[in-house]
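Following: one structure in structure tokens, then a few remarks.
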Amino acid sequence: MNSDLINERKDSTVNVEEMKNFLGHIQYGSESRFHEMMNLRDRMVAKIRPIYEENFYNLDRDEKYEMIFKKSLEIYDFLKENKISSDSTDVMKLGVIGGVLGPEKILFTLHTAAFKVSIELWGTNDQVKYWNSVMNSNFVIGTYIQTEIGHGTYVRGLETTATYDKVSKEFIINSPTLTSIKFWPGTGGITANFGIVMAKLIIDDKDLGIQAFIVQLRDFKNHRNIPGIETGDIGKKGGFESHDNGYIKFSNIRIPLFNMLMKNAVVHADGRFEKTGSELIMYACMLLLRGGLCSFGSILLSLSTTIAVRYSAVRRQTSNLEGIEPQIMDYQTQQFRIFHSLSSTYSYIFAANYLIKQITNTRSETNNFALIKPADLSRLHAISAGLKAQTFSTCLRFAQINRLCCGGHGYSAASGLIPIIQEADAGCTYEGDNVVLLLQTARYLLKCAQKGISPHYQPENWNNLVESDLFKQFKIYFDIYHRLYDEFMTEISGKMFFLIKEKGFSEYQAWNECTVQLVNIAKLYISIYVVSCSFASISLNQNENNRLVLSQLLKLFILYEITEDYAANTIRLNILDADGMKEFSERLLSLLKKVRKDSVVLVDSFNYLDSNLCSVLGAYDGNVYQKLFEFAKNSKLNTNNVHESYHRVLKPYFDKNKLRAQL
């Protein structure tokens, strides 16, 4: 065990076991459930060898795909043997399956999170029962197929068609244009054998909007494509090397009438189209997916933060006046960067879990979203869209900063940071481009302003929380956030009114003239949500020392936001003057010293195994250099002392030039 890490843990004021239980309660719903999941993880790791021990990041893409496929099946069998549902969101969290897969995702993520959920939410009772029986009696690997090569966020623009044939009582699925070819669905290239296909319903040449259809992609017996379906992997990407994102082209694929999910819209045998439920429920699947993504993004952020903080305690560099190399964590510039990441990690974990709780409660109270009120759905959509955007933007930002904080070694695949950066990068555009999602949030905020209602979410028991002694420490910050929001919204609303009434702009033109400001106010709205959820979560902590440390961490997060992210608008709108901003900056710097002594234990509290991190730099024991050297020796280029390319390329070149010299 590295002596510096021993001292860091010994000198901390945080009770690490109580902090683990507190975070576990928040993430899993109760301490008992948390311990149940950690026990499951530890048993899983004992039975299935983690990729951390398999030289995974030195493998080729085909080898990575095969290994993750094999590990995914082993996890599936392990859960089955232990009579545990693979549909459980708790089980699928990276904190659990990550014990085996590290930051990599199980290959069946979309099967459980999108394919099965779509059937459950959009299918009739008979359809749900039938397709569950199909899945129970066959090895179905489902995916969700929406994005096209020429269409993404704009769902109504999808070109894939499902034309109803009244004679055969079948739908005919087609990709009529190049831009209609489905592109990017996870496991859609070579793995999945079924998919939920989003396509335009056509009856008697009339476009009746986007509906969901279940389509078999591959044969159960030999895994070959169903005739008329062309699929393939889309090629090498910036990450996701172990997963096959696919392209899918349909040519006159006939499916039964029963294969259209008909809970909310029905096509009768004679071709009559009837809406039987609320179209709003079509968005419910996306709510669940985005809630899960917010949790996933916050966990990715915690992985990169853990690596950077531990390595900063182990790494020593540049001698001081006594000729001793200090820990790099003792440098203020290092603290300024990694503690920004640390404070953000905790805040986004709290916010993501509050959102999941909101969505879960709403689902329970509204009969699987069937009775959800439009106003409630609009707010959940606005929060989930904005929080997904901000979670992954923050995750990408700090994954890269944490990489830089680890110096040159951070660039090695052995650091474990590269796949986190790649995943966070992709997360900024998959399941909704971040900017587009923030504009969707902003549209909701404008509507609230027009109606004169507050868009802000208040956690349960908020009225009592604002009367607490703890809130007195934060009141000034909440006042600044809300004043800034109100002033900014007044400014944006006034500008749009002026453009429409005085300049004669259309609503679309006025909107487009204000989109930069609208994105910024959406970010501010989500910041208020994050801070509110964080404060409510911290208030639940019963350990006085731990609550104090978490309060300092939240103050640090807020001060970073006010002095960096929102500084220009805060001063411009006269919320703070220059002296006030200077005072807040000084508060921030003073808090760095307080957070410093607890930082290692704060990341220990995430309760990750080394196999969760897949990082030699973030190893719990701190034996960084030995592990790094072992990783280097395991490079496939080192298999032979003399590489094959010497005999094929270099030696013939030398021999040719030697012959020329003799001539």
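Just so you know, glycine gets a Cβ as well, placed from its N, Cα and C.
Nobody curates TrEMBL annotations by hand; they come from automatic prediction.
Model, not experiment: these values are computed from the prediction.
Feature list (source: TrEMBL):
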| type | residues | note |
| --- | --- | --- |
| ACT_SITE | Glu431 | active site, proton acceptor |
| BINDING | Thr147, Gly186 | FAD binding site |
| DOMAIN | 20-132 | domain 'Acyl-coenzyme A oxidase N-terminal' |
| DOMAIN | 283-446 | domain 'Acyl-CoA oxidase C-alpha1' |
| DOMAIN | 501-653 | domain 'Acyl-CoA oxidase C-terminal' |
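For the recorded positions given as Gly186, Glu431, the lowest number of other CB atoms within 10 Å of the residue's CB is seen at Glu431. A straight line from the CA of Thr147 (FAD binding site) to the CA of the residue listed as 'active site, proton acceptor' spans 9 Å. Distance noted between the C-alpha atoms of Glu431 (active site, proton acceptor) and Gly186 (FAD binding site) is 11 Å. A sphere of 10 angstroms centred on the C-beta of Thr147 (FAD binding site) encloses 20 other C-beta atoms.
With DSSP classes pooled into helix, strand and coil, the tally for the domain 'Acyl-coenzyme A oxidase N-terminal' (20-132) is 87 helix, 0 strand, 26 coil. The predicted model assigns the domain 'Acyl-CoA oxidase C-alpha1' (283-446) a mean pLDDT of 93.
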